[in-house]
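According to Swiss-Prot, the protein carries these features:
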type	residues	note
BINDING	Lys7, Thr167, Asp168, Ser208, Gly209, Gly210, Met211, Ala212, Ser213, Lys214	ATP binding site
BINDING	Ser48, Asp135, Asn147	substrate binding site
DOMAIN	275-353	domain 'PUA'
Amino acid sequence: MVALVVKIGTSSLSDPSTGDLRLATLGGLAETLTRLRRAGHRIILVSSGAVGVGCARLGLKERPATVAGKQAAAAVGQGLLMSMYDRLFGALGQPVAQVLLTRQDLMDRVRYLNARETLSELWRLGTVPIVNENDTVATDELRFGDNDALSALVAGLVEAQWLVLLTDVAGLYSANPRLDPQARLLSEVTEISEELLQSARGRSLWGSGGMASKLEAARIAASAGVATVITEGNTPQNIERILAGEAIGTRFALARPGGRLSLRKRWIGYGLVPAGALHLDEGAVLAVREGGKSLLPAGVRGVEGRFETGALVRLIDGQGLEFARGLVNYSSEELEKIRGRKSHEIAALLGIEGQPPTAVHRDNLVTLS
């Protein structure tokens, strides 16, 4: 028996031209997930669509441009979306539960663990939790951005074995198949490198409008030991075939050395929002990435942003690529004073005795892979 998180996007659950829900697809999804639940699997559905459904009900021809407009549409649409899911699953005798999360819920350690306990209890009670971002109250600077990231964080939170991302394409392609007859579907990706992510963001990969976020989600999931598959959403029955071992869509291999990160490390690496960045020299990059060492002030070349002690920062290599994240022992102002200097100089530079010798201790540091 496995724990499975399935994410369905707006493009799969509604008609883009009218905003109407694709009830045949959603009915098939409800039937598939109900069969899996009755077979003993633990299922979570992460569903987008509240804003789109709200716009359709309000008769809006376009998505609102303002944050307030989107939040108002989500307030209208979320209830309608859950009502639809309750009818579809209810007709099959399968209870569902609504769980709305914000980024703050996963940034705060106590709320993070409480969300985990709530989802576990909903499983124990035999429900299929249906998760969405709480769009009505989420602030623009602290949004997940899309439900791909949310689904990956939830998969890690509950220690799922599988994350299935349902979308409007068959998977990840080597190029745009509409323009390149040589484009091929990639059945497996063994490494989600920063270069691959940059390629997706640069629109050289088919479906890159939403593919970059799916690659990010697969990387987050991999850090938690979760296998990810991207596949076309109009045939939800494929989920059962994927669990049976069939090669459908694009599967992302679990290539992280050392396996699953601890729950705390996953919270540090992916639950928090970075407040700034540290640019490192080559020696520091090697020590942190290859040697698993703490980051010393001597290896910091530059400080980006303003932040306080204990904030999460991104660690940047010489090519400008993020390769790790960690909680800092010093504020940005203090790091500007001690960067590039030896640890024994810290007290004199800051005028305070007994300061930690590390800028980021390895216990509070996560390398990204």
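Using the three backbone atoms N, Cα and C, a Cβ is placed for every residue, glycine included.
Keep in mind that what you see is a predicted model, and the values were worked out from it rather than measured.
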At the level of the C-alpha atoms, what whole-angstrom distance separates Asn147 (substrate binding site) and Ser213 (ATP binding site)?
9
To the nearest whole angstrom, state the Cα distance for the pair Ser48 (substrate binding site) and Ser213 (ATP binding site).
14
In the three-state scheme derived from DSSP, which category covers Lys7 (ATP binding site)?
strand
Quick one: Cα separation, Ser213 (ATP binding site) versus Asp135 (substrate binding site), in Å?
18
State the Cα to Cα distance, in Å, between Asp135 (substrate binding site) and Asp168 (ATP binding site), rounded to an integer.
23
Please compare the binding-site residues Asp135, Asp168 by how many other CB atoms fall within 10 Å of each one's CB, and tell me which has the fewest.
Asp168
Taking 10 A as the limit, how many CB atoms besides its own sit near the CB of Ser48 (substrate binding site)?
24
